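One structure below.
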Amino acid sequence: MTHFPATRLRRPRASDWSRRMVRETALTCDDLIWPIFVKEGTSITEPVKSMPGVNRLSIDKAVDAAKEAADLGIPCIALFPNTPDTLRSEHGDEALNRDNLINNAMRAIKDAVPSIGLLADVALDPYTSHGQDGLVQDGKVLNDETVGILVQQSVLQAEAGADIIAPSDMMDGRIGAIRTELDKAGFSHVQIMAYSAKYASAFYGPFRDAVGSTGVLKGDKKTYQMDPANRLEAIREVEQDIAEGADSVMIKPGMPYLDIIREVKDTFGVPTFAYQVSGEYAMLLAAAQNGWLAEDAVVLESLLAFKRAGADGILTYFAPKVARLLNG
Ligand SMILES: NCC(=O)CCC(=O)O
Ligand SMILES: [Mg+2]
């Protein structure tokens with residue numbers, strides 16, 4: 001290695017053309033997955049207060065959003081239901097309703113926009129009256145019994161047109177169980193993106209507002225989601241999900257966990273995704289709306305950082321905005 005003055009690291013930085021030539025990472029529309037909130041009704045575009053610019057959409061509007069995504073070159077959208085309290089129950093039965101909001105939305109979107117990838121979230125929290133991701137008995141979230149329901153939820157979602165099943169529940173063993181049932185039901189072509197390292201994070205607040213879980217959730221999720229203090233455990237979680245058949249893995253939240261993304265990518269080399277969660281979105285936008293950060297620049301930088309950390313793609317509420325910026 002040569003040293004100064006033979007080496008001047010500022011030399012290639014001196015002009016735009018040169019910076020472009022030595023740039024190590026790029027962010028493109030292919031990196032984006034757009035999470036969308038769906039709600040019962042028609043012609044509804046209802047703002048989520050804690051996420052300025054994000055709306056809950058009725059199915060017809062979600063179809064429009066899917067068209068917009070396809071036009072912008074966004075490869076995939078992820079759907080999350082806002083479930084009214086009346087449809088929530090102790091066991092989250094609505095998850096197994098073939099014609100629930102999410103399954104109907106997927107059918108409508110597949111029909112209207114067949115070219116877009118559809119990611120379906122698997123977990124019970126949108127459907128339980130207690131807001132936990134699984135069945136609860138004596139104050140404990142049951143693992144194996146919950147997995148038994150998640151496999152059924154997954155098959156129904158695959159039947160409705162899901163291209164990617166994304167279990168976000170963090171139960172042990174669910175990836176293998178879901179893979180087996182999907183294959184048996186004739187869905188061996190349907191992918192699984194495992195929320196492998198999902199942390200019990202304080203950054204999910206605005207999402208719970210968006211899906212109507214605020215005030216519903218009793219307690220916390222620390223007995224199944226990961227401790228933010230742990231790194232090695234994330235590697236074990238990812239290792240197990242890959243062994244059980246995950247096609248890709250996810251780290252969540254994103255920006256506070258870039259170290260985990262890097263380590264997972266370096267260790268396994270599998271398709272690795274990150275979720276820039278609602279709290280990250282809210283944080284960046286709140287500062288931008290106060291004039292404290294330059295919105296476009298900070299959003300692009302935040303997403304480029306995921307790519308630099310090794311992510312192959314990012315679930316982000318900024319997806320349409322960023323696609324517009326990237327498309328110029
Ligand atoms: N299963 C999906 C999420 O929990 C999303 C969290 C967020 O955006 O805060
Ligand atoms: Mg796990």
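The backbone N, Cα and C atoms fix where each Cβ goes, and this holds for glycine too.
Please treat TrEMBL annotations as automatic predictions, because they have not gone through curation.
As recorded in TrEMBL:
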ACT_SITE  Lys198  active site, schiff-base intermediate with substrate
BINDING   Glu237  Mg(2+) binding site
ACT_SITE  Lys252  active site, schiff-base intermediate with substrate
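Shown in sequence order, Ser168, Tyr195, Ala197, Lys198, Tyr199, Ser201, Ala274, Tyr275, Val277 are the residues of the chain, 6+ apart in sequence, with a C-beta less than 8 angstroms from the C-beta of Lys252 (active site, schiff-base intermediate with substrate). When Cβ atoms from all protein chains are considered, those within 10 Å of Glu237 (Mg(2+) binding site) total 23, not counting its own.
In the three-state DSSP scheme, Glu237 (Mg(2+) binding site) falls into the helix class.
Counting every protein chain shown, the number of other Cβ atoms lying within 10 Å of the Cβ of Lys198 (active site, schiff-base intermediate with substrate) is 27. Proximity to ligand 2 at the level of Cβ atoms, with a cut-off under 6 angstroms, picks out Glu237 from the recorded positions Lys198, Glu237, Lys252. Taken residue by residue with DSSP, Lys198 (active site, schiff-base intermediate with substrate) is part of a strand.
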